[in-house]
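Worksheet for the structure shown next.
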Amino acid sequence: MNLRPDPTFYPSPKLAMEGPPEILAYTLMLSPDFSQPDGLAVVNVDPNSPDFGKIVHTVIMPNKGDEFHHFGWNACSSALSPLTGHAFLERRYLIIPGMRSSRIYIIDVKGGPTAAKIHKIIEPAEVFAKTGYSRPHTIHCGPEGIYVSTLGGGGKDGTDGPPGIFIMDCQTFDVIGRYEIDRGAQDKHYDFWWNLPRDYMVSSEWALPPQFENGIVPEDLLSNKYGHRMHFWDLRARKNIQTIDLGANHQMALEIRPAHDPVQQYGFCGVVVDTTNLEGSIWTWWRDADGKFQAKKTATIPPQPANADDLPDLLKGFSAVPPLVTDIDLSLDDKYLYVACWGTGEMHQYDVSDPMKPVLAGKVELGGIVKKTKHPCGKVFGYGPQMVEISRDGKRVYWTNSLYSTWDDQFYPGERGGAMVKADVGANGGLTLDTNFFVEFPKGYRTHQIRLEGGDCSTDSFCYPSV
Amino acid sequence: MSPELLSTTAGLWLAVVASGIYHGVNPGMGWPLAVSAALMERRAYALPRALMALAFGHLVAMTVVLLPFALMTALVDWQTEIRVGAGLIVVALGVWLLFNRRHPRFLARVPPSRLALWSFLVAVAHGAGLMLVPIYLGLCGIVETDAGHRAATALIARTAVLSIGVAAVHTGAMITAGGALAFGVYRWLGLRFLAKSWFDLDVIWALSLVLVGAIGVFSAL
């Protein structure tokens, strides 16, 4: 606890953009065959440092088979909420769930780049016993504590009851219990985020554990059995107030990115694939004057024709490579939406100044199932652009390349190595890869989500408008 | 604040106003919510409207704590015991808040649209009303001496009016101080001031309760 709010807490997105640039990034490393324990890499991203673009420290966990995916901070700018009174928390701990093991690690990163260490481990049994959920995934800090979304319910295969969100104490990290009082039609889960002063939450659906843990199930996908709905919640009443079905062909509605400025009542959601035409799509959702939520497809990304010989078994029959929109991220000024096309190997930058009309403003080609575009430094970038994170000032964009162990192997057979790259954003949009930044990871590790020291564009929730 | 000052009417009323200002400038009592309301609605008049809701909640919280003590003034022969007991309760709450530094979680369940309810619950949960009790009982003691041995009903009527008066003056001072800060931040100082000026009052708040309670005990003896 501090006597003053943590200097990395900002009342508004605009003030966060004016804060100092990040000098460290935290990147998750996972062992896809579970032969090594997963870990956290601390990467120097200070261009003035001789260690720029290098891993300066790693924290290796004591267990194997956790499968790290997403993670988050114990506290962020939401601590300045005038309603909650947690202004004196420290942004100090990273909460890293093991998506396969349901184990949760609390990593203390205070004390400089090489000081990161394990603070606490929450064993899977505690999560199961206190919540009835399994396979924890997305972390957000909010009212009453840390919110953790899960992908599985109870039982061995996670299908005994629906998955949901649970709450952890933000100081002791005790698991408190389930969030939902009335979940309505929600029976699958993926991402969630909210507008704190407006008091609503939005969640999305990926799939149930048997549909992802051992790889994508093509029959389920072609029969539209993956998630395709968004759920809207009364945040503090913990009630599902509306469900929007995007249409069964819009398979896998993943990342939810609300406008950071809390005055705005819209946001985006990425859909991985349309099973009628292999398109990826961006949806804009908003709350209308009557308080009802609406959603509309506002951008599509077409598949690219390909030779069956260049495609993995899974895609041979289609003679095309789908873009596979697996992650999206919105800059703090709500101006640029970054869209990872993991299948085709592209990172798109859309100008979403008009959220109903995204305009492609920049694009980088890197990796890809067919194109396999090399990085300008000459190195091979395996897989495609995946988890993307934007600096607070919006000038730098970082991304890694692995989607999920078993899915990587289906779309990109063979081990292709973990990587993390950086691109610079032009003054009027546009995206250019930094030739000097290509982080290679220890052998056998793949990479997933990135967090930036002091907060980034997918962690902090702000309680005051940008004025 | 010295025990001598707390034995005079003027000194006690000064304490009522001072505690109001103290509660008002404490961000935990809600002035940042008024800033947020004005910014979110993009209308300046949302600020005074939010302040009114906060003031109403605070006023009710003060009144419900003070009124039972007004009724107890009928027990004329037990005044010393009541004042000592009340002082000890306030000290005990202060000590408890010193060691139990957790924020009550139920406060996070109140929706942002229910500002008056939020303000009421926050004031009750943090003992804002109890902080006034020793000061109020001091004023009651003076009323009683003036009144001599009147009928119990008349005494209760006088102390009940006094309790509402104390709650109103305190809340007036509270909302004037908090409102001035909220308006200053909204109009001139900006949100950066909010993050920079906010400091942890938890320990000071708990010690204030201990201090006020202790003065209450000593001035009763």
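Don't overthink the numbers, they just go from 1 along the chain as shown.
Heads up, the Cβ atoms here are built off N, Cα and C, so glycines get one too.
The annotation transmembrane segment is assigned in TrEMBL to B:12-39 (among others).
According to TrEMBL, the transmembrane segment annotation covers B:51-76 (among others). Sequence-distant contacts of the transmembrane segment (B:51-76) (same chain, six or more residues past either end, CB-CB distance under 8 Å): 23, 29-31, 33-34, 82, 86, 115-124, 128-130, 132-133, 136-137, 140, 144, 149, 152-153, 155-156, 159-160, 162-164, 166-168, 170-171, 174-175, 178-179, 182.
Look at TrEMBL and you will find B:82-99 (among others) tagged as transmembrane segment.
The transmembrane segment annotation in TrEMBL covers B:115-139 (among others).
The annotation transmembrane segment is assigned in TrEMBL to B:159-186 (among others). Long-range contacts of the transmembrane segment (B:159-186) within the same chain, counting only residues at least 6 positions beyond its ends with a Cβ under 8 Å from a Cβ of the stretch, are 13, 16-21, 23-25, 29-32, 34-35, 38-39, 44, 47-48, 51, 54-55, 58-59, 62-63, 66-67, 69-71, 73, 132, 135-136, 139-140, 143, 193-194.
Residues annotated as transmembrane segment in TrEMBL: B:198-220 (among others). Same-chain residues lying 6 or more positions outside the transmembrane segment (B:198-220) and placing a CB less than 8 Å from one of its CB atoms are 1, 3, 6-7, 19, 22, 26-28, 79-80, 83-84, 86-95, 97-98, 101, 126-127, 130-131, 133-135, 137-138, 141.
Note on the transmembrane segment (B:82-99): residues 69, 72-73, 75, 126-127, 130-131, 133-134, 137-138, 141, 202-203, 205-221 of its chain, located 6 or more positions outside it, place their CB under 8 angstroms from a CB of the stretch. Within the chain carrying the transmembrane segment (B:12-39), a Cβ under 8 angstroms from the stretch's Cβ atoms is held by residues 1, 5-6, 45-51, 54, 58, 112, 115, 118-119, 122-123, 126, 128, 131-132, 135-136, 138-139, 142, 166, 169-179, 181-182, 185-186, 191, 194, 198, 201, 205, 208, 212, all 6 or more beyond its ends.
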